[in-house]
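Here the structure is laid out as structure tokens; the discussion comes afterwards.
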Amino acid sequence: VPVQPALHNYFCCPAIIIHSKLCTLYYHMLGLLGLLKILLKLLLIPVHIFIFLTFIMYGVFLIPFYFLNYKWCIKLTTVYSFIIWHLYRASLYLTAQVLVRGSIASIKRDENVLVISNHIGAIDFLMYHEVANMKGMIAHCKYILKRSLGYVPILGPSLRCLCFCFVDRCARKDVESIRKYVDYVHRNGIKHWLMLYPEGTRFTQRKKREADEYCGQKGVPPFTHVLCPRTKGFKVFHEHARHVYKNIVDITVDYRNADGERAVCSLYKFFTVEIDGTFLMDVRVVPMEEVHDCEQFMDECFRRKDRILSEWRGTKRE
């Protein structure tokens, strides 16, 4: 007696064929995405290098303006900054994503702001630009740098044309340097966001050990994911520049790679388009008038950052 084929076999065969076709299409798409990623790298790497070289060199071309009319020099660099920072921002979004928690709605457009943040890597500045861009201030971000950088050939003039604040890491000298800087930008109506790193350097395990020793000397508990903040620089702004910076934007930043693991972003990875993870940011606004004790405020601020980073990294704070 001939065996009749089961009815479900008639339905299984088309299903198997469709599944096979879908798998083939999926792997073809993966290959296409891989090819697109390679093409994207080939396109963006020379673009990044070109922008970086123009950033280094444009200071040389602006030297005449620097000596003849510094205000015009600042205006020209502001236009240039607007272009390059938006180009960097666009290239970052092609390979990575940025998640922001919190709000800066109370900040007015064109308001001078003092920004404080933890420091995890060489491209943290792109995250601060992302927050500044919420108020249209991406072209007006200024940084506090070591004075020695201002004397580096070619690079130095570029940084000076951007109207950055240079300090010597000497409390007595820095008070006068910051006062002169604040007086200049205020007198000339230069709207800006000034970035301050209270940790003084990027987070590394070696710096973490040194910071723990510093905490021991001060008699305070050590931090887990941030370095012990230094308050001298912030005190200068609090005492001499409250009329210029009415608000503080407090930023906590972290980065996870594509595998969800904590990683450090370097300039090399950015220029070679290897950053494909997620940046996490927590932002809040603190009115300067609410800060009464600088050391207490800075300690509470970085304890808060420690808790946020522990939450993001799924660890308990020590």
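The backbone N, Cα and C atoms fix where each Cβ goes, and this holds for glycine too.
Copied over from TrEMBL:
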- 113-235: domain 'Phospholipid/glycerol acyltransferase' (DOMAIN)
- 6-27: transmembrane segment (TRANSMEM)
- 39-67: transmembrane segment (TRANSMEM)
- 79-100: transmembrane segment (TRANSMEM)
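In the domain 'Phospholipid/glycerol acyltransferase' (113-235), helix, strand and coil residues by DSSP number 60 helix, 18 strand, 45 coil. Confidence in the domain 'Phospholipid/glycerol acyltransferase' (113-235), given as mean pLDDT, stands at 89.
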